[in-house]
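Chemist: My questions will all concern the structure given below.
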Amino acid sequence: MGRRGAWVSMGNIGERLWNTTRESWYLGFTSFGGPPVHFKIFREKFVVKLQWIDEQVYQELFSVCQAFSGPGSTKMLYCINLIHDGFLPAVLGFLIWSLPGALGMFGLAIGVSNIDESLPRAVYALLSGLNAATVGVIALAAVQLAQKAITDKLTRSLVFLGAAAGMLYNALWYFPLLMLIGGIIAVVHDFRWLHKPAKQLASLPGRLRSKLTRRRHSKHEVDEGIDLPERQRELETEPSHLAVAETSTKSTVDTHQRLPITNREAIVTTASSTQPDPSEPSSPRTVPSSHRLTITWPLGLAIIGVFLASFAAAMALRGVLKSPPLLYRLFANMYLAGTIIFGGGPVVIPLLREYVVAEGWVTPRDFLIGLALIQGFPGPNFNFAVYLGAVTAVGWGYSAATGAVLAYLGIFVPGLVIVHGTTGVWSAIRGWRWVKSGLRGVNAAAVGLIYTAVYRLWQIGYIDEGFQQGASLANDPWWVVVTATSYVGGCWFGVSPPLACILGAVLGLVRYGVVEGQGV
């Protein structure tokens, strides 16, 4: 295949747009199962079947899409189309991919906005079953992502601390701060900036004990009448074990210095190979020229810089205005969420709950209804934001379409812009130690936040006439069993998330039938 890039000539734009439409039109209708399944679909189609990119480029794109914020599978499809056909086809491919699910969630939002405050008990039972199954699905996603994110004791600790900190406190700024702290901790650890002070601090008790022992011995010798100058001469003429050790070490160093250079290099190589540095970059991949984007790193930096400036302006304006319009606050919250979400769909759930429900824009009941429904929709889970935007707008007297569009743009644009700019600079920075260290710390903390989502949904997943705001699923053993069934089905028997949610809804109706049959 000849050289293709992001900025190709416009002469055959119609052909390239049709090419993207022909190969991607059905993906937004058939791609159920969330990001893990999406990545598998894209590999089989674009690497194995169509050969638009090779396996090497696919793995490179996978790393980029997973390492930075935004919807992972959506960014992957965008980058594949960007490489093969250019910018406009990539945008078209994104719309084809995301709009079917977005339109479906928009329609459901209108329906949910018009239902009575009280629903039939059968509907509550169905929704509680969906929520219980969803908790199981997200718990499994958390475990699977943690298995990939945990590479050593540090990342294991960051996953745990991120989950624990996320459960203990909630605020608009809190989750991104946790992820930033995780990245800083990883950089400090990998560069060993605190290793020497920590060792000195750890050895302080031993040094103090040794000093006290020497003082006691000195006092004892004085009490016994030992001539201290004579004792000092004895120590000098009869070296202690410490002096012997020092002499032995010096002899070893002298011997090493007398070795030929090649032997010394062999010794150093052997010693370093026994203690690998986890922060060292892996061997760089060589991407074939036929599959390289022609975006230069200055252009990539410029794109990222413009985005960051727009993000800073949006957040500053939101903070400066005393009473900003609701629709602007909705867009700003979605823009913030789309910028800081690492880990894809599962992480978006706790963030959106804090940025929408905690603001008082959407009731917990309507949030739970939408959360249950998005699990059965194809395409990106980020379409959940469309539902929340429409419900928010209708509830506050605005057009549902306006709220849906603002939420759609706010949640998707940051990730796409960042990955577009990153493709130009990734090959230059991927080998930098601090970049790799920081990203693995951020990812580990983000995975911990998925467990936060599991906990918070567990606490509000049970809805009924008496507690429409949501109660703990642990209040009824039936929902505990539904959650466990969803988790075990996906983990051990390969049950897909949509099927698990459908089974959860069915089990919810079964419970309703049993309870109503007993007259409870």
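Positions of Cβ are set from backbone N, Cα and C atoms, glycine also.
Unlike curated records, TrEMBL annotations are generated automatically.
What TrEMBL shows for this protein is this:
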- 86-110: transmembrane segment (TRANSMEM)
- 122-146: transmembrane segment (TRANSMEM)
- 158-188: transmembrane segment (TRANSMEM)
- 212-238: region 'Disordered' (REGION)
- 220-238: compositional bias 'Basic and acidic residues' (COMPBIAS)
- 264-289: region 'Disordered' (REGION)
- 269-289: compositional bias 'Polar residues' (COMPBIAS)
- 295-314: transmembrane segment (TRANSMEM)
- 326-349: transmembrane segment (TRANSMEM)
- 405-429: transmembrane segment (TRANSMEM)
- 478-510: transmembrane segment (TRANSMEM)
Chemist: Counting only pairs at least 6 apart in sequence, do the transmembrane segment (405-429) and the transmembrane segment (158-188) share 3+ Cβ pairs under 8 Å?
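Modeler: Between the transmembrane segment (405-429) and the transmembrane segment (158-188), contact is absent.
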Chemist: If we skip the immediate neighbours and take only residues 6+ beyond the ends of the transmembrane segment (478-510), which ones have a Cβ under 8 Å from one of its Cβ atoms?
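Modeler: For the transmembrane segment (478-510), the far contacts come to 32-34, 37, 122, 125-137, 139-140, 143, 372, 375-376, 458, 461-462.
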Chemist: At a C-beta cut-off of under 8 Å, are there same-chain residues at least 6 beyond the transmembrane segment (122-146) that contact it? List them, or none.
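Modeler: Sequence-distant neighbours of the transmembrane segment (122-146): 34, 36, 159, 343, 345-346, 349, 368-369, 371-373, 375, 447, 450-451, 453-454, 457-458, 461-465, 473, 479-480, 482-487, 489-491, 497, 500-501, 503-509, 511-512, 515.
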